[in-house]
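Over in Swiss-Prot, the protein carries these features:
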- Gly172, Asp173, Arg174, Gln175, Thr176, Gly177, Lys178, Thr179: ATP binding site (BINDING)
- Ser373: site 'Required for activity' (SITE)
Amino acid sequence: MMEIRPAEISDILKQQIATFDTPVDIAETGTILSVGDGIARVYGLQNVQAGEMVEFPGSGQRGMALNLENDNVGVVIFGDDADMREGDTVSRTGAVVEVPTGKALLGRVVDGLGNPIDGKGPLVGDVVMKRADVKAPGIMPRQSVGEPMQTGIKAIDALVPIGRGQRELIIGDRQTGKTAILIDTIVAQKSVNALGDDKKSLYCIYVAIGQKRSTVAQLVRTLEETGAMEYSIVVAATASDPAPMQYLAPYAACAMGEYFRDNGMHALIVYDDLSKQAVAYRQMSLLLRRPPGREAYPGDVFYLHSRLLERAAKMSDEYGAGSLTALPVIETQAGDVSAYIPTNVISITDGQVFLETDLFYRGIRPAVNVGGSVSRVGSAAQIKAMKQVAGKIKLELAQYREMAAFSQFASDLDPATQKQLARGARLVELLKQPETSPLAVEEQVCVLFAGTRGFIDAVPVDKVSSYERQLLAELHTGGKEILESIRTERQITKDNETRLTDFLTSFGRQFAG
C-alpha cells in the first residue's frame with residue numbers, strides 16, 4: 001500500500017477541490033397528469049408562457065402550452081402521444097414556437113414546424129428563425145394596394161383583379177377547381193420570376209391543410225414539371241398529421257412569407273384550405289375544454305383567421321415596399337356561403353372569387369360566378385391596358401345573363417337582343433381556360449380586345465377556343481411587336497389600337513377562310 005506523507009495530504013486535497021466541478025442543469029419541469037387525443041394536462045410549469053414550446057424528454061415529442069389554468073397547463077402535442085405516460089417529465093424550452101425562414105426553403109416541402117419532409121436532406125443556406133405567430137403590421141407601415149398580381153387566368157385578371165398585398169378569398173364547394181386556380185396562379189409567376197429582379201419577383205408559398213398526402217405529392221409533381229417549384233415553398237400539414245400541426249401550419253407558412261415581405265420582396269401565400277384549420281382548432285379547443293359557440297366552434301375562431309390574414313399587407317416605401325398577398329380557400333357545403341366560417345372569412349378578406357358547381361358541370365372552367373365574385377381593390381390592381389378592355393366585359397356578361405333568363409320564355413327576339421345573346425355566349429366561351437395554361441397579361445388583353453370589339457361575333461360558339469389558340473400562335477409569330485408594345489407601355493395607345501384592329505381583321509378573314 002502506498003504511503004502518503006501528512007505534508008502531501010493538504011496538496012492532494014487542494015488539487016481535488018480545484019478540479020471539483022459538478023455541472024448543474026437548471027430547468028423548470030412539470031409532470032403529466034393525463035394524456036390522450038393529442039392533449040396533455042401538465043402539473044407544474046408555473047412560469048410557462050402562452051404559446052411556449054415545451055419538450056417531453058421521455059418520448060422526444062414537442063408541444064405547445066395553450067391553456068394556462070390555476071392548477072395545470074393544457075399542452076397540445078405536435079406528434080404521436082402513444083409513448084407518453086402519466087407521471088412523465090415535461091420541460092420548458094423558454095422559447096415561443098419558431099420556424100425557419102429565408103430563401104433556403106425555396107424548392108422544398110416542409111411540415112408545420114419547418115422541418116423538411118421531401119427526403120432532400122436538411123435546409124442548406126441562410127436560415128432565419130422567426131416566431132410563427134406575430135402581430136400584423138399596423139396602419140402606418142402599410143400602403144394601399146396598387147400593383148397587379150397576375151394570376152394568368154382571364155376570368156380573374158379581367159373581372160376580379162387581385163393586387164399585391166391583397167387578401168382574396170377563393171370560395172366554393174368541393175371539386176369546383178379551387179386548387180387548380182391556386183396552382184395556375186403559382187405557375188403564372190414563372191415569367192416574372194425568370195427576370196431575376198427581386199423587386200419584381202413573386203415567391204410563392206402553398207400551405208396544404210388537412211389534405212391527403214397523395215394530393216400533396218401530385219401537386220408537388222405538377223409544380224416541379226412546370227418549373228414553378230424553384231420559387232415556391234410547400235408547407236404540408238396533411239390529414240394524418242395531428243390537429244395542432246394543422247392549426248399551426250398556416251401561421252408558420254405566413255412567417256416564411258413575411259421574411260420576403262419585410263425584406264422588400266414580394267410573396268404570395270395560398271392557404272388550402274382554412275375550413276380544415278378551423279375544424280382542427282375546434283377539435284383542440286373542445287379537448288382543452290374551452291366553451292363551444294356556434295357550430296361548436298370556440299368563441300375566438302374569428303380571431304384565429306383575422307390575425308392570420310391581417311399579416312398579408314403591402315408595405316409602405318419607408319418599410320421596404322414589400323408585399324405579402326394571401327389567397328385563402330374556404331370549402332362550402334352545397335353552395336352555402338352564409339355558414340359561420342365562410343361569412344367570417346368573407347368579412348376579413350378584400351373580396352372573393354366564388355366558384356359554382358353548376359358552372360363547373362356545364363363545362364365553364366374556371367367556374368367563376370361573375371355576379372357573386374368581387375374584388376374590393378378593383379381596377380387599382382389592373383394595368384391600364386386591361387382596364388381598357390375589361391371595363392365592358394362585366395356589364396356585357398351581366399346583361400347576357402339577364403337576357404338569357406328572359407329569352408327562355410320569349411319566342412321572337414329583336415335583333416339587338418339576339419346580338420347581345422350571341423356576344424355574351426362567345427364571351428363566356430372566351431373566358432374558359434384549360435388547367436396549367438396561364439396567359440401573360442398582354443396575351444389576355446389581345447384576346448379580350450377581340451371579344452369586346454366584336455371580332456368574334458361571326459365565329460361559331462364551338463370554334464371560339466380554337467380561334468383563341470390560333471390567334472395567340474399568330475400573335476407570337478406575326479404580331480410580336482404588338483405584344484411587346486402592350487407589355488412595355490402597359491396601355492393600348494392609339495397606334496397600338498390601329499395595329500391590333502388591322503391584325504385582328506386580317507386574322508379573322510384567314511380564320512374564316
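Quick reminder: no glycine exception, Cβ is built from N, Cα and C everywhere.
A map of Swiss-Prot features onto the structure.
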residue : record                       : Cβ within 10 Å
Gly172  : ATP binding site             : 28
Asp173  : ATP binding site             : 18
Arg174  : ATP binding site             : 11
Gln175  : ATP binding site             : 12
Thr176  : ATP binding site             : 27
Gly177  : ATP binding site             : 19
Lys178  : ATP binding site             : 23
Thr179  : ATP binding site             : 21
Ser373  : site 'Required for activity' : 22
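According to DSSP, Thr179 (ATP binding site) is assigned to a helical segment.
Secondary structure at Gly172 (ATP binding site), as computed by DSSP, is strand. The ATP site is set by Gly172, Asp173, Arg174, Gln175, Thr176, Gly177, Lys178, Thr179; from the centre of their CB atoms, other residues of the chain with a CB within 8 Å are Glu331, Leu355, Thr357, Phe360, Ala367. Between the CA atoms of Gln175 (ATP binding site) and Ser373 (site 'Required for activity') there is a gap of 18 Å, rounded to the nearest whole number. Here Ser373 (site 'Required for activity') is positioned 14 angstrom away from Lys178 (ATP binding site), judged by their C-alpha atoms. Across the structure, Thr179 (ATP binding site) and Ser373 (site 'Required for activity') place their CA atoms 17 angstrom apart. Separation of the C-alpha atoms of Gly177 (ATP binding site) and Ser373 (site 'Required for activity'): 15 Å, rounded to the nearest whole number. Ser373 (site 'Required for activity') carries neither a helix nor a strand DSSP state and counts as coil.
The two recorded residues Asp173 (ATP binding site) and Ser373 (site 'Required for activity') have their Cα atoms spaced 14 Å from each other. Arg174 (ATP binding site) sits 17 Å from Ser373 (site 'Required for activity'), counting Cα to Cα.
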